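Okay, structure first, notes after.
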């Protein structure tokens with residue numbers, strides 16, 4: 001009997017445990033065996049072939065040894081298939097993986113695509129006796145990554161030959177691994193979120209609570225100090241604090257994910273029948289046409305295209321939805337400064353937050369109906385004239401449900417006494433708190449707030465021609481048309497709120513009168529910020545610095561450059577060719593010169609794509 005036959009018998013009798021003791025014989029076997037397969041050979045050559053007989057017995061040839069095992073009835077579930085089961089080959093020894101040459105193509109005929117998964121110690125090797133053969137089920141965890149998927153695609157030759165977790169079944173390990181990445185928590189109580197409700201991820205309980213609260217006139221009162229802890233176990237203990245936290249995290253009526261809006265529009269276009277659906281489809285057609293015209297604008301500074309598109313054709317309901325969808329998120333300061341604050345730390349916190357909010361404010365303005373159709377000069381002028389008013393009304397709205405508190409960010413909530421550390425800050429805090437109290441008394445609605453915020457921006461350039469140092473708007477008629485559209489949307493919403501005719505007119509006047517108080521606060525805040533800049537007590541960021549200097553230095557030198565030269569906004573925010581982009585304010589003015597930056601220094605908004613704290617928030 002040859003050495004080769006004797007070695008095969010030894011392996012069958014004693015198993016792979018003795019392989020390390022017969023290494024000389026193994027070296028001779030390698031010289032007698034067929035040539036090793038290349039790693040680049042097709043995947044089918046790396047696996048044993050199947051020959052299924054009619055008698056219900058399948059044979060697998062491996063290393064010139066034949067092992068029979070019972071095959072199931074063809075009428076039942078197949079023994080293995082492309083999408084349910086895969087072979088898992090084990091090493092010939094328990095101390096290391098098998099070599100690539102130890103697997104050979106035995107037999108002929110077509111082979112089902114199999115996925116090669118490295119074996120683990122709990123898998124039985126093929127070299128065991130026939131009773132020890134196993135076919136692993138799909139409950140074995142298979143973790144796929146983009147790199148692994150690409151390599152398998154290269155081996156199999158097509159994407160259809162690769163296995164996916166969905167095809168392999170709902171395995172416990174794989175399912176848990178995939179779901180772990182997609183697990184979201186309620187922004188209000190930190191319970192598991194059931195979906196995206198009213199603008200934030202929330203659970204079913206908080207969604208239903210917020211729905212009940214905004215539908216009725218619920219005047220909740222906190223029995224304590226309006227600072228109750230709202231979590232999974234204590235969310236029902238205080239309705240007032242729960243509703244306050246809902247507003248703090250950004251819940252609002254009509255808050256819908258943008259991708260959901262697109263899905264709803266598509267479904268309506270597909271299934272809409274009847275007169276009512278035809279009207280809705282007609283309105284959607286106008287909106288799509290409007291968006292298409294907005295995206296087709298070229299980089300000529302907007303071209304003053306207000307006359308090319310009538311914004312008044314958009315219905316009031318659609319205007320309200322656009323305004324609510326344009327709202328920026330609530331930011332985090334991410335500043336680790338200990339209390340009590342000093343003058344320097346307080347101003348550092350506030351200026352840092354203002355600089356972050358300015359970037360989001362520009363993205364918000366670009367989403368307003370008709371704003372991108374204005375010339376670049378008009379866009380810059382409106383933003384420079386109203387930026388602090390817009391930031392202040394946003395601060396007041398966030399603080400409306402927190403008496404005595406100003407919510408600058410989710411992790412930066414200040415009260416009146418904390419403003420004492422900065423000279424002149426207490427007066428500004430008092431005015432902000434008084435206006436927030438007025439908002440609370442009027443029970444300002446989210447729809448009314450977004451309209452007032454847009455009116456502040458568009459009304460800021462109405463009297464620019466009165467100043468000798470400021471160039472007037474190039475297309476004041478287009479700005480006035482946008483302002484009328486927003487005002488009509490506000491009047492329409494008030495008329496649908498159930499007020500009597502006289503009460504409607506009174507409420508319109510009450511809301512619009514608030515804007516004069518906000519303008520007064522803005523002027524006070526601008527003077528205070530400019531005095532702090534002159535004292536060099538706190539460094540100002542480039543964007544905030546240029547916005548501040550825009551109120552002091554207004555001497556136009558050259559016409560706005562084309563947007564193609566100055567648009568460096570992130571791809572997600574460059575939705576229109578005529579919009580404000582990083583660097584556009586300085587480029588359009590050509591006049592910002594301050595003690596901290598020369599005339600040729602990097603301009604105002606050039607951080608749009610490079611600042612990590614703002615890039616995620618600007619994505620659509």
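In case you wondered, yes, glycine gets a Cβ from its N, Cα and C as well.
According to Swiss-Prot, the compositional bias 'Polar residues' annotation covers 1-10 (among others).
Feature annotation from Swiss-Prot assigns compositional bias 'Polar residues' to 101-111 (among others).
Residues or ranges marked as domain 'NR LBD' in Swiss-Prot (evidence: sequence analysis): 315-551. For the domain 'NR LBD' (315-551), the predicted model reports an average pLDDT of 88.
According to Swiss-Prot, the region 'Disordered' annotation covers 1-55 (among others).
As annotated by Swiss-Prot, region 'Disordered' applies to 88-111 (among others).
For 286-308 (among others), the entry in Swiss-Prot reads region 'Disordered'.
Taken from Swiss-Prot, the feature region 'Disordered' applies to 558-620 (among others).
The zinc finger annotation in Swiss-Prot covers 186-206 (among others) and rests on sequence analysis.
Nonlocal intrachain contacts for the zinc finger (222-246), taken as residues 6+ away from its ends with a CB within less than 8 angstroms of a stretch CB, comprise 188-191, 198, 205-206, 209-210, 213, 401-403. The zinc finger feature in Swiss-Prot is assigned to 222-246 (among others).
Here the zinc finger (222-246) is broken down by DSSP into helix, strand and coil counts: 8 helix, 0 strand, 17 coil.
The zinc finger (186-206): residue composition by secondary structure is 3 helix, 7 strand, 11 coil, according to DSSP.
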